[in-house]
Every structure is written in structure tokens, then in C-alpha cells.
Amino acid sequence: MASSSNKKTLPNSPSSVGRPPSSSVKFARRTSSGRVMSLSRDDDLDMSGEMSGENDYINYTVMMPPTPDNQPGEEAKADSTAGTYAASRFGTEPRRRNDGGGGEASKMDRRMSVMSSSNNKSILLRSQTGDFDHNRWLFETKGTYGIGNAFWSQKDEDSYNGPTGDMNMQDFIDDKPWKPLTRKISVPPAILSPYRLLVVIRLIVLLFFLVWRIQNPNPDAMWLWGISIVCEIWFAISWLLDILPKMNPINRATDLSALHDKFEQPSPQNPTGRSDLPGVDVFVSTADAEKEPPLVTANTMLSILAVDYPVEKLSAYISDDGGAILTFEAMAEAVAFAEVWVPFCRKHNIEPRNPDSYFNSKVDPTKNKKRPDFVKDRRWIKREYDEFKVRINGLPDVIRKRCEMYNCREERKLTKETSTGGSARSIEPLGDNAVDEPGSTVPKATWMADGTHWPGTWLEPCADHKKGDHAGILQVMSKVPDVEPVMGFLDEKKLDFTGVDIRVPMFAYVSREKRPGYDHNKKAGAMNAMVRASAVLSNGPFILNLDCDHYIYNSKAIREGMCFMMDRGGDRICYIQFPQRFEGIDPSDRYANHNTVFFDGNMRALDGLQGPVYVGTGCMFRRFALYGFHPPRAHEYLGVFGHKKAPAPQYQTMDSVRLRPSEEGDEAAPLAEHPDLGLPIKFGNSQVFTDSIAVAEFQGRPLADHETVKNGRPPGALLEPRPPLDAPTVAEAVAVISCWFEENTEWGDRIGWIYGSVTEDVVTGYRMHNRGWRSVYCITKRDAFRGTAPINLTDRLHQVLRWATGSVEIFYSRNNAFLACRRLKFLQRIAYLNVGIYPFTSVFLVVYCFLPALCLFTGQFIVAGLNIPFLSYLLTITICLILISILEVRWSGIGLEEWWRNEQFWCIGGTSAHLAAVIQGLLKVIAGIEISFTLTSKSAGDDEDDIYADLYIVKWTSLFIMPLLIIVTNIIAAVIGISRTLYAVIPQWNKLLGGLFFSFWVLAHMYPFMKGLMGRRGRIPTIVYVWAGLLAITVSLLWLTLNPPGSGMTGAGGGEIKI
């Protein structure tokens, strides 16, 4: 490096007038460790980078590359030849370029420096990160440095042809650095460190408090003291199981532009720029057209068909487990409407793409819309959607009238045959054993629009055509789209779709076969039937599972999930779980329907461990993981707390797997030490399905575009178009949804959705985690999916009852986390253990909610007195809990009101639904009594003017008994306690205050329940409140008569009942 003064100052520069030459330009270089080292003679190097006003270019720094001829302290070498000079961006900074011995020799040296390695591009990549080494690139090409620029002489720097003549500047330009598709964002230490510290402090204080409580009994009420001690110990354990998995919450972000550049841009392997993304199959499940309105399901399907994903890579399926013709014809109407709705969404970039949600949105529809024909197009499509809704709503009458017409025709035909001397017989086969019976009447069949019998459930059920007994149905309503875009044109009857892709993704209606005598395994069985049918028809390596009332709110949601699957290490991810967001919830969220504490708190924290649990909807699966296989790489966590990490042995690879139809297992396969680590073999008697497994595994691999990507696939491997469906393929798909297909297979045991629990979602995710897979929680800026939730108290409690019952079943099954293998992380095991244990907290919660009333009834308390140690412990524990909750609100993003609503409903559900779940679970385990649940109705209340009318409907259920008993008991006990103290000879105010405080704590948590029982404001007669007050006063006076304040008292004690 030259040390002459003209390299440190710019005496001829206009910007140097009026300031010392020594401070005009400073040179520095960045070392390998990232530290900036000054190359200027002055030591006061300012790297702040702040410029302002007229001093924008007073002080600037030129970063010099760490090249061999540019080191600090090296003296300038003599140059025997004439040097050339190149100007910087300011045109005044001379920079000398040594040419060695001459022009031709200089070019040869330059070529040799670039071509000195056999791998001429890889030498310019940093060994550790793989990013392009910009500094070395500039050094090798003899670039001239300025402020953020580099300059080459055009006459001799155009190309760098080595001995093979295969390198030029375009090679460097095209060699872009590898970009990750996702990144992990840690919670700031300023929030997470105090959070962890407070958890430890509260745990220590709880231990000391429990020890103090055990050592200081209440001799006057030992039974109260004993009950309270047991409950408090269990609450401490329950809190510990809940808080431990929350110690490492994280956030994640995706890069959709990087996904587009990597998979949908022209490249040597993809000259046309066609999408290289893998296929996705979207599953929607429904079971009852009455409780799940077809219009809601149709809107969900329209949002799926219009999603922003390559059309030829997307396939949609709906599983109608009820086999209803109403759902079938509603889907046919939805596909017809999709032919105009989907191009409209693409043309104007509509969000959301659920038409009902879009047209009912309160935001300005013209916001960010720039096309002049948008208003006209929106008005036209709105009219079309209104007509579509009318057709959907009128389908029941249309089907009924059609069936009546066809049945009358068949009756007339039968009457004509009888009058001409023929024998009257039934024309509908009633099964394999059906026989013609003279004199029988024509069955009341259900007819399709083409004049044929509906093979599913009839409006008037009969044999072979009723719920639980009907044939399998598979109808491809929208064919496989062309691989190339199909552009629209100007149509006077429709919209102007010129330049807009009008293709619609493939869509199929599936209703699996059901017959008496078979266990169809509810929703899990329907999902497995769709897995097999989709594998034969489309075989997308990824599966998105949605409920019929959960639509796609963010059209790029699938791309967001694909960023994780296609990123480095994505081959170890079994599923991407999205948070559930709900619409139609009352503004106050009375019954915590949004459940944000779970979705934004617990699930985000689990993402920092082995991944969130599967919650039944809004989840993108890797098909290969659903088949029960192991991840390509896994770890085992050894030690008491799983702190020792070791590579897990691989029990199989895809190349060595022998897939058997349904016979005996492969004895040559290595035996696993845990049942969940065995090899899935028995997939069923379908060679087409078996052959699709390896294809789905390969297509689901990440792109092998970087040396650190393991188990990848080459770029351009998914550009081949999908073949069109033929009759044998559809026939095979119908065969795999038959009711006998799963016999002697591992479906529901090791493969697909797991059977045996009403919460099959949690069990399925647990099995995957137990094999070593990871899952990811994807929270998008715009909600990925939105759905509906029951706002009625009865429906909400029944929903919680189903979840809690499933958890009890998990606890008593082989899916208990106590029996997990070593591939499950310790804190992940704690989280799954809490899933199975939390309903049992209800037993202790119910007892604890009655304790304040018992204290007020007896005049005693759980401690001997409200002394300083008890109050100090109580205050410290409460303050720690409040601070922990505040910090949890900070890192999770939930509101304090949402947190309080969650606490309230935890108490309401714990004293009602959770307790009933524990009882039902014990009955199932001990007596073998099966538990059946009904679907939650998606319909609203009778009042169409009030969208929250369902909130005020009171539907009596046995789940109300225990919370009502707790409320009434505490209210009466409070009146009795106050009366006892007021009329006592020696009032025990400390015990009264203690009892009243805890009684108020119970009633405050039960307030939403009491408000729900009151119905709509103003509709409860005043006499109800009058009688309630009179009842409380009467009971309190009766108690005082039976147990006078002074009776049975010895000293300061008392409370002994004497009649």
C-alpha cells in the first residue's frame, strides 16, 4: 500500500476546500473477525456512518480489501512502469494500478490469478458461510475501489478466458449468493431473561410456601388444612408442567421473494422459468350438511381454488363423510362459479379470496386497486355471487322437487306395468341379497340431475343408502389443468380476462364407502381415505388440512409454509402448523373463543423446542411423514433431563424399504426398541398407491442448491407436466376408499391419522415427534386462515369437553408421554405430558372452589390466622405471577384482557367440561363405555339482525350443574359469613376477610358463566333476582338458627355445629 500523502488527502477536490487535508479521506479494512482496522496515518477513525447537511461528504471511509498487496504498515513498492489511474465516483481520487511488466503480461497475470484453481467459481465462495466473497472477486479482477463501486477498464477487462476459455464476467454475475428462505428471530433477552428469572424465583417461593404450610397446620380445622394442602401441591405441579415448555419461545419469518427467485425464475436447469415448487393437496372435511351449511363449505372451497400457488401444482379434495347429495351439488355449483371468481381474484389481487368474507368486509374495496375496470368488475362479480348464493340456498327445494318428480314417474311406470299384467316389483336393488317381491312399492329414491340414483345417503334412508351404509363416491369436478397458462379474452357476457390465467386447480369430491359391521373411525378414517385417494390421483408431496369452516384468508399462506419445507433442513419437518384465527366472536370474547393464550403463547413457545402440537386444522403435512416413516436425520436425547444429544440410529432408508401390501411384516427389517420406531410396511392391496410413496418422498425434498443442503433434489426435477387422469386411475382411487381396504393393514396404527381417540390430531402429531420429526409454527403477518367458533356457552363447553376427553384417553393409552422414546426432547415430553394431565386438575379445582364457602360456613380458615408469613408468601407469589404474566404478554403479543378471559374460562371449563371428561374417561377405561360426540353447529341464532344472537341462547346441559352449585354455594356462604361475624360475641374478622377474598376470587372467575345464564340483557324478569336474594337470606337465617354465633365456641375458636 502506498504511503504517499496524495493517497490520504484530496488537495484538488472541491469538497476539500476549507477543511484540513488530513481528515478528508480515511482508508480501512475489515479483518476476518469483523473488526475494522484503520489504514490511514491518523488513528481517530470514525465509523459512525452518520452524515448530515452540508457535511455529507466531509468525512468518508474507503474500505480496502484484505489483499496481499494491501496490508497495514507495508511500504510502497517501486513501480518501474507507467501506472494507469482510475477515478472514483467523485472523479478526484487517484488509485494506482500496477501492471507488472506490460500490458500483455498484465492480462496473463490476471487470467492466471482467476484460473489458478480447478474450481474457478468455488474459490470465490467463503468456506464457512458459502456467501460470495466480494472482496476477493474485486482483488482477482483488479477492480478499482471507490465509494460503494468498482471499475474495470472496458478494453482489457471484458472477459477472463483461461486455458479452457469457459469463464467470463457473466459467470460472476450469475453466481448469486445462496439465500435462506426462513430465519429464526429470538425473543429479546431484555424480556426473556427476566421471564426465566421470575419463573425460578416463583418456583423457589412456592417450595418454601408449601413447606411452611405443611409445617404450620390449623389445629382448629385440620380437614380444611389437609384438603387445601393437597390442592395447592397439585396446582404447583400443574403450573410447573405448563410453564416449563415456555422457557424458550421464538419467532420465525419467511422470505417469499427468495422462494420466487429460487423456484420460479429462469435458470440453466429451468430455461422457461416454469414453477419448480412441489405439489400440494388441500383436504377439507365435512360430515353433516345440516350442521355444516353447504354455503360455508362452498366459500371455503372457492378460497382454496383461488389461492396464489401454481395452478398445475394444486389439487383440492373434499371429504363428505355423510354422503349427502346437497353437499355434492353445492360443490358442483362452487366449481362453476370458480371459473369467473378465480380469474377475478388474480386480475385484481383480491384479499381475502373467500367471496362471502370479501363482500362483507368493512374496509374500502378500492384501496390499492389501480385498474380502471375494477369497480365495474366488482359490481358484476357481486351480482354473480348473489345469484350463486340463491342457487345454493335453493338446492334443498330443487333436490326435493326433482326427487318427487322422478319418483312419481317411476310409480306411474310401475302402475302401468301392473295394469298390463306384469308383476309389481321394486326397481331399486336393495343389496346383494335383494330379491324381487311382487306387490312391493317403488322406494323413495334420491335422484341426481342426470336422472340417475344418488349412490350416497338418500333423503328417505333405506338399505345401502343411509348414513353408515352407502357406496363409495369419487367425482373429479375440475380436471387436471394444463401445464402452460391459459389466458382469457374479452367476453361481453363475462369479465375482460385478457392477459389473466383462467385455469382452475383440480378438484375432487370424495365420500368413502361405509357399511355396517365396520369401524369407520370418524374423522381420522375419512382423512386416511382422502390420503389414499389423493395419492392415486395427484400425489402431492404436501397436504394442507382444513375444516369446512376454515377458509384461506391469506392467498400466499401455502407459499409461506413452503418456505420452511424447502429451506435447508426442511426435510426433517413433518408439518407446519398455522395459528387458528376466528371470525364472528363477540367483541368481549366472553368465553375465550380466540384462545390467543394457547395459539400465541404456548404454541410459540413449543416452536422453540421440537415444534407445536397438531391442532386439527390449518396444518401442512409432509406426506412421507404421514406414512409413518422416520426423518432422514434425527437425534436422541439421553440423560435424566435429555441434556445429552446423540445421532439417532436409522432403522430404515427409503431405498431399503420393502413395502408389503397387507401380509406379514418384513422380518428382515431391523427391530426398533420402541413401538413407534418400527417400519411401516402394510399399506394395503394397491400397487399404484405403493409406487406413489417413493415419488412423494423425492418430490418433497428441498432444492439441492447449496453444499449444506442434505437429502436434496436437483433443480428442475419437478418441471414435468402431470399426466391427465384416465378411467383406470379413477377406478383405483375408488378402490382405495372402500371400507375393506384397511383390513390387515397399519392404517390408523402406524400410518396416517391415528385411531382410538376423539382428539386424533394431537395423537398423530405426537407419533411424528416421537419418531424424531420436527414441526414449525408459522405465524404470518396477515392471518393465514380464518374460521368460526361456537360463541354459545353450551356449544363451547361441549367443544372443550371433547378436547378434554381426548386428553384423558391419551393419558390412559400407549400415547402417554411417559412412554415416549428418546427422540422426544425433555421439555417437549413435558408439554405432551401436560396435554394428558391437565383435565385431572379439575378434581382439585372443584374442591378448591368450594373451600371458601366451607370456610365461611364453619367460621374457620385454611390457616390458623392471617399472620405475616402467610400474607408475605401470598403477596410474593401473586406479584411473581403478575410479573410473569406481563412478560408473557410482551413476548407473545397477547392482550391483558385476553389473558384474563383465558383465566376465567379455565376456571369455568375446569369445573364443568374437564370434570365430566375425567369421569367419562374413567368409565371408558374401567367399564368400556364408548363416548360419542355430536358436531358443533355452525349456524347462528334465530335473530338474523344480530350476528351475536347465538351468544344469548341458553341451552341447558348437565355441564351447568357443578358451576351453578359452586356459585350458589359461595354466594350463600358469603351472606352467612357476614351475618355470623356481625352477630358474633367475638367477631373473627380476619377469618371472614380471608374467606370473602377467596370467595370473591371464585365468583370473579365465574362471572362470564353467570352472564351467559342471564341471556340477553333485560330479558330476565326482576322477580328472579328478588327470589334469589330472598333464598340467600332465608338460608343464612336458617343456618344462624341451627348454629348460633356463640354456640360451641371455646376461646377464640369455634365453628362446632350444635343443634
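Using the three backbone atoms N, Cα and C, a Cβ is placed for every residue, glycine included.
Keep in mind the model is a prediction, meaning the values are calculated, not measured.
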Under TrEMBL, the annotation transmembrane segment belongs to which of these stretches: 916-934, 992-1010?
992-1010
By Cβ distance under 8 Å, which residues at least 6 away from the ends of the transmembrane segment (195-215) in the same chain are close to it?
228-229, 232-233, 236, 239-240, 243, 247, 863, 869-870, 873, 876-877, 880-881, 883-884, 887-888, 891
Cα-Cα separation of Lys523 (Mn(2+) binding site) and Asp761 (active site), in Å?
10
Would you mind reading off the Cα separation of Asp547 (Mn(2+) binding site) from Asp321 (UDP-alpha-D-glucose binding site), to the nearest angstrom?
13
Could you tally the C-beta atoms, other than its own, that fall within 10 angstroms of the C-beta of Lys522 (UDP-alpha-D-glucose binding site)?
17
What same-chain residues lie close to the transmembrane segment (221-241): Cβ under 8 Å, and 6 or more beyond its ends?
203, 206, 210, 213-214, 830, 833-834, 837-838, 841, 844-845, 847-848, 851, 854-855, 858, 860-863, 1055
Taking residues 6+ outside the transmembrane segment (870-891), which of them lie with a CB under 8 Å of any CB in it?
187-188, 191-192, 194-195, 198-199, 201-202, 205-206, 208-209, 212, 243, 246, 249, 601, 604, 863, 899
If I restrict to non-local contacts, at least six residues apart, and a C-beta distance under 8 angstroms, what lies near Asp761 (active site) in its own chain?
Val613, Tyr614, Val615, Gly616, Cys619, Trp753
Among Lys291, Lys523, the most crowded of the binding-site residues [Cβ within 10 Å]:
Lys523
